[in-house]
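In TrEMBL this protein carries:
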REGION    1-22  region 'Disordered'
DOMAIN    62-92  domain 'EGF-like'
DISULFID  Cys82-Cys91  disulfide bond
DOMAIN    100-135  domain 'EGF-like'
DISULFID  Cys125-Cys134  disulfide bond
DOMAIN    147-182  domain 'EGF-like'
DISULFID  Cys172-Cys181  disulfide bond
DOMAIN    190-225  domain 'EGF-like'
DISULFID  Cys215-Cys224  disulfide bond
DOMAIN    319-354  domain 'EGF-like'
DISULFID  Cys344-Cys353  disulfide bond
DOMAIN    410-440  domain 'EGF-like'
DISULFID  Cys430-Cys439  disulfide bond
DOMAIN    534-569  domain 'EGF-like'
DISULFID  Cys559-Cys568  disulfide bond
Amino acid sequence: MREVRQREKERGKETEKDTERERGRVGILTLFLPSVSGRPLPEGVLSWLAVCPDGFYGLDCGQMCECRNGAHCHHITGACLCTPGWSGPHCILACPEGGFGKNCSRSCECQNGATCDHVSGRCSCGAGWTGASCQEGEWLIGQPSIGPKDCSQLCMCQHGGFCDSVTGQCSCPRGWTGAACELDCGEGHYGEGCTQTCSCQNGGTCDRVTGGCSCPPGWTGEHCQTACPGGLHGKGCEQRCQCDHGTSCHHVTGRCECHPGWREARCDKPCLPGVYGASCAQRCQCQSGVSCHHVTGTCGCPAGLTGNGCEEMCREGSYGPNCKARCKCNNGGRCDTKTGTCECPPGFLGADCSIGCPAGRYGKDCARLCSCGERGQCHPVTGRCICAPGKIGQSCHQACPRGRYGLQCRNTCVCQNGALCEPRDGSCRCGLGWMGPRCETACVQGKYGPDCALDCPCQNNGTCDRFTGCCSCTAGHYGHSCEHLCPSGFFGQNCARPCVCRTGQTCDHVTGRCVCLPGYHGSQCQRRCEVGRFGEGCQQSCDCVGGAPCHPATGQCLCPPGKTGQRCEKDCGGDRFGPGCSLQCQCSHQAQCDARNGRCLCPVTWLGPTCTEGTVYTNKRTCMQTNTHTYTHQSDGPWFCSAVCDGPRARGPADGPQGLSVR
């Protein structure tokens, strides 16, 4: 419990007043009900006051004190309570000469021109003087004497005045005058010799030493020139008016000065029925049974009021003249009893409060911004976050903990095999090699990866790992996708086994069995294909015309001299001969060329291997000399080698040109 004591300052003295303790609580402060100027408050009047923290004052402690030199200010008016030795509105003036102490109200007692400390009043004596008040003279060695040697005369100065040590003339402190400083300053004057004129107004009294004004009740300011501000009255303007309906009170007495239409001590009651206006002195001019407005006197109650004297405010839910209209505010909105306009509660907008706050806003007039994170919604009134499924926390920034999902993470995930659970709806995100609603099923052959969504790249019947997609190749294949056959000379799983075939042979990439080159067969590939057969293992038959053989490896027909074509089905042309008709005939003079061997069949009159030699005729026998032989021609028979001619006789027939025989 805290006890607050109200202190009132009166004529430079602090008088401690009794307080009436009344316990109460506003926020975290415990408050008490004080009396006002020592008098109890009127019955039924509550006045809850709280002392402002040091350095602040005013009705809401919102104003900052401007006091200096360690002074405190009054918690209501802000008036500075100066520490000893200081004066002025803000305690920035040292006590005037001759004064010291609290409110500079004490007079210095220093004499003989000594100076006085404005805080403690201690005297600082001038040369030739000593003593607490510098009242005792000193004899200075080697100096001429000042005044009588025995100082036998008595000074007559009063009220702290000091006398000249030589002449005895009094020098009066501030606020005093007269030959012996026996007279205080007259009304309206102050200061040294009472020569300064007071500037206090409105009955304020002037301190004869400092000239500071002590204001009467109802006035404030440095010169008491300002009436108490609205709502305050009394000594130091420290008392609060007790008037209703915005009525002001007299700044001196505190009496409420009612606005027209109101009465009683606190102006809290309207004029009685039948009268209205200032001091409720005017009579209504309405027909019998019709009320008049207690302020204006108009017949029939204005908007917002009802009753015989229009003294009652509209009840909740009604408004307008005589409160006959019904309010149309929705969602708890309050309507103005005069106009019917709606004052919407937090979370709603619109003329009739029918519109909720748009997304992302809440509170009064939807002026505050929500902070509810991704997809979170906030309560339109309180701003409390309503998290989307999968989110929790004050601002919905936290995801559900592992294994939980849904609204406020209430549900338990059912995912298997290390699958991740989607925090919003609990759907399972399968890891590598698993599929199904709960990730309970392994990937089928040919699939791998997350949710088994990827196609295996393995070829040649290779199988892939359902987790990584890596291929496991069958025997005879290798590569990332098993796309390669084993290189020559190797076979088996991972192509790790070398072939054991003879040099130049290959083996089966799967079994390692030796594979003969085309055109050969046998366990060691030592036999060529028989005539009419070709290819790997001599498994294929030749397809050549006339029994022509074919190449044992490729099956290409090997045509005999004079034949050509893919199957040796064509004879050589007129100027070609030999195997495959690959040679050019050398016969001249349109001689025919033998397609097999290229021999020339010379026409009549031409001879020689290429039919380039001419002939000589006789009637019976004609001998023709050539380079090597002599030929005899019988006109009715064939040619003969005659003995008459040079050269050996040819033996055996030989085809000659144009059917001629050469022997």
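Each Cβ is built from the backbone N, Cα and C atoms, and glycine gets one as well.
Those TrEMBL annotations? Automatic predictions, nothing curated.
Note that the structure is a prediction, hence the values are computed from the model and not measured.
Counting only same-chain residues 6+ beyond the ends of the domain 'EGF-like' (147-182), those with a CB under 8 A from a CB of the stretch are 96-99, 107-114, 128-129, 133-137, 139, 190-194, 207-210. Within the chain carrying the domain 'EGF-like' (410-440), a Cβ under 8 angstroms from the stretch's Cβ atoms is held by residues 388-391, 399-400, 402-404, 447-452, 465-468, all 6 or more beyond its ends. Cys439 (disulfide bond) and Cys134 (disulfide bond) are 108 Å apart (CA-CA, integer value). Here the domain 'EGF-like' (319-354) has Cβ contacts under 8 Å with residues 300-306, 313, 362-366, 379-382 of the same chain, all six or more residues outside its ends. Geometry remark: Cys215 (disulfide bond) versus Cys344 (disulfide bond), CA distance 49 Å. Spatial neighbours are here defined as Cα atoms within 10 angstroms of one another, and by that definition Cys568 (disulfide bond) has no neighbours among the disulfide-bonded residues Cys82, Cys125, Cys181, Cys344, Cys430. For Cys181 (disulfide bond), the same-chain residues 6+ apart in sequence whose C-beta sits under 8 angstroms from its C-beta are Cys157, Gln158, His159, Gly160, Gly161, Cys170, Cys172, Pro173. Put plainly, the disulfide-bonded residues Cys91, Cys439 were compared by Cβ crowding within 10 Å, and the winner is Cys439. Around the Cβ of Cys353 (disulfide bond), the number of neighbouring Cβ atoms within 10 Å comes to 21.
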